[in-house]
Amino acid sequence: MRSYLRFSDRHRQRPTRPRKRVICSSAHFICSRMSPAATAQSPFGISLHSLSFRLLLIFRGSIVAMSRRFVYKLDQAVTAALGPNGRYIAMVGMTASAVLLTFHYKFREVIAATDNVAEIQSPSKLFYLRLLFGRTRSRITGSVMNINIMPALRDPIYRTLASVGGIDTEEIRYPLRSYKCIGHLFARTLKDKEREIEDIGTQSLASPADGVVTALGDVSSERVEQVKGATYSLRAFLGLMPKVTNPEKNTLKFVVLHLKPKNYHHFHAPAKFDVNVLRHMTGETLPVFSSFLKRFNDIFSVNERVVMSGNWKYGCMHMVAVAAYNVGNIRIDKEPSLRTNELRVVLRHLGGDVETRTYSRQPFEYSVGQHVGEFRLGSTIVLIFEAPHNFTWDMKPGQEVRVGQRLGGVGPIRRAQTEDERLFAFY
């Protein structure tokens, strides 16, 4: 009987041995991953590596007991807060958090591997913004906007949208019921004489779109204001750093125009402008309204955009159409094959290529006010151009403008003398 009891005691003690081996293995693993500095001698005459290993072995019982108490207390707290099924909810939450953190880590790893081509100041913020305002959600909204509406329902639906959104139905070229879907309504054309060129002189700059001036000024560094209080990298935004051809007489200037949903969604040439290069940079579709831009840097340099680079009277000019949330579609009249917000493409700031089209032999020649392209549901136009030091702005941030209205220029306004000079086509 005694031998049996002794055998039973030995048998009951056996399960404790693997636990000791696990703790020893864990301690060895932790210590083996310590930095080389940890192998230095401690005040006790042994290396920190060995000292840590021995301390873990000495206090292994306390560590196990503390771990058990922590798990027990955590389980009690979760059950009290979330009910009997709280532990399962917590498990799902912790799993989701682990997956999210893994994707976050991988996103930052990709940004670092591509040498941060967009010069993003906070990759973590961008990651979580992508979760909220992803390209897929913009495409879904675009699909909904392009659903055909029954002719009998178009007039009441469009009039409700117009009254809520502040759309002026009197200036729309065609009857409301002629627009098949909401997307077509936002891409509407205007009646003749609804917009005029205020200054036809070659020394001035006309507004390329209806909207609000959110920022303007001189380019003094590689980072430019997208709105007061937030900046973006000009080099990443354009794909190059623009240079002033005549630094003694000229300087680089910029202006940002935000198109609201109620605005006319087409954009026009701001001056007599020859386009030599067109660059399409794939990107996000993050919101571009002022209150959002104030809180986050680098929105312009990561959003999808089409950059038209060329020359005007005083030197270089870059006209950039920036996509926004629910506005993945950017259409350029002279490049009908251009497609934006496409599926399964590598975004520029994640290492994707820039689609470049050059027209050095036969550049696109635009006259002031000539139609260039259109958005869907509002977005942003950015102008970066070379101008003389005595170029003055006629507008201020926060001021609303209309197509053809003078943004600034050199000297007095030159008014149109004939009907042909004053009007331009919206077709």
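Every residue gets a Cβ built from N, Cα and C, even glycine.
Because the structure is a prediction, the values reported are computed rather than measured.
Per Swiss-Prot, these features apply:
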MOD_RES   Ser379  pyruvic acid (Ser)
TOPO_DOM  78-88  topological domain 'Mitochondrial matrix'
TOPO_DOM  108-427  topological domain 'Mitochondrial intermembrane'
TRANSMEM  89-107  transmembrane segment
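Residues 78, 82, 123-124, 127, 130 of the same chain, all 6+ positions outside the transmembrane segment (89-107), place their C-beta atoms under 8 angstroms from a C-beta of that stretch.
With DSSP classes pooled into helix, strand and coil, the tally for the topological domain 'Mitochondrial matrix' (78-88) is 8 helix, 0 strand, 3 coil. Within 10 Å of the C-beta atom of Ser379 (pyruvic acid (Ser)) sit 31 other C-beta atoms, taking all shown protein chains into account.
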